[in-house]
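Taken from Swiss-Prot, the feature ATP binding site applies to Leu19, Arg20, Gly61, Lys64, Thr65, Thr66, Arg170, Tyr180, Arg217, supported by sequence analysis. The Mg(2+) binding site annotation in Swiss-Prot covers Thr65. Under the heading DNA binding site, Swiss-Prot lists Arg290, Arg309, Arg314, citing sequence analysis as support. Annotation source Swiss-Prot lists region 'Large ATPase domain (RuvB-L)' at 1-180, citing sequence analysis. For 181-251, the entry in Swiss-Prot reads region 'Small ATPAse domain (RuvB-S)'. Sequence annotations record features per position, and here Swiss-Prot assigns region 'Head domain (RuvB-H)' to 254-344 based on sequence analysis.
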Amino acid sequence: MSRIVSGEAQPFEPADRALRPQTLSEFVGQEQAKANLSVFIDAARGRGEALDHVLLFGPPGLGKTTLAQILARELGVNFRATSGPVLAKAGDLAAILTNLEPRDVLFIDEIHRLAANVEEILYPAMEDHVLDLVIGEGPSARSVRIDLAPFTLVAATTRAGLLATPLRDRFGIPVRLEFYTHDELARVLLGAAAKMGAPLDPSGAREIAARARGTPRVAGRLLRRVRDFAAADGAEVIDRKAAAAALARLDVDEVGLDALDRRYLRALIENYAGGPAGVETLAYAIAEARDAVEDVIEPFLLQQGFIQRTPRGRMACAKAYEHLGLQAPRNLGGAAPPADLFDK
């Protein structure tokens, strides 16, 4: 499901490598994480050692891949990248590990999707810098141990809770990335616009930031489309009015909800009296797959307090009624507390 407000990377989407920050000082947001990583990098570099293994986790689109690349650049070492789904066999990972040079950074995206047999050979590699392989089959099979160069594994996941405990415990530096504030996103947007040559002013940046769901990837995607509308309309500057008009044409409202989000909320409120309603029922009501409802639509609505999960099903909160301009039942409480969605 391709949505302009999705934090997930989309097929054929431009990578915007030229827009990415190159150093920690250029990286906007995540101040505590940056401060801690800077200390760890300086310490490892001063000792001439590999940085401890790093686990980057949190919602999609917050810059985990960019941060991994910056770590390698700040350490002055090579950067190798792969992903959990690509490493189908133990030999795939072994080929990468044996070609790493001392202190290199290996980045594995979506590490929660790593196959169990591949994960098993990662344990000794991370802990003891050795690779235990079985050569041959049957009675003639033998175990071979290969020494590896000390390296740093930087792994990224949106589902840290799916990692096996032995794997999670081997990361000496866990880093949770948080949603961005509107001010931080506005800074990201102004920097990106300058590099793109887009005539974005601060009021336009704040308007886009308010609808970007706290996610730089979404902000960048919205900026590209707003730039297109501004060029088509002959706008000399992208101010708040121009940005709002373009975003309205994209059907992204003032808090970042799109048509699919609103259709979900209306189905829950108008078809099922605000709930409780089961996820399967809601999926049928809006003609979407259950996985899409749970993984794509609901996370932001839960995080923002529009809906809540209960043992009996989904329920609309007062904020959902207010946003849609509907009268909430008198006995309905306020918004649900933000759900911790991304490490379950």
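A Cβ is built for glycine as well, from the same backbone N, Cα and C atoms used for every other residue.
It is 33 Å from the Cα atom of Arg309 (DNA binding site) to that of Arg170 (ATP binding site). For the region 'Small ATPAse domain (RuvB-S)' (181-251), the DSSP-based tally of helix, strand and coil residues reads 52 helix, 2 strand, 17 coil.
Under 8 Å, Cβ to Cβ, and six or more positions away along its own chain, Arg170 (ATP binding site) finds His53, Tyr123, Met126, Glu127. If you compare every pair of Cα atoms in Arg290, Arg309, Arg314, the residues listed for DNA, the longest distance is 15 angstrom. One way to see the shell of the DNA site is to take the Cβ centroid of Arg290, Arg309, Arg314; the remaining same-chain residues with a Cβ within 8 Å of it are Ala277, Gly278, Val279, Leu282, Val293, Glu294, Glu298, Gly313. The average pLDDT for the region 'Small ATPAse domain (RuvB-S)' (181-251) in the predicted structure is 93. The ATP site in the record is lined by Leu19, Arg20, Gly61, Lys64, Thr65, Thr66, Arg170, Tyr180, Arg217, and its two most distant CA atoms lie 33 Å apart.
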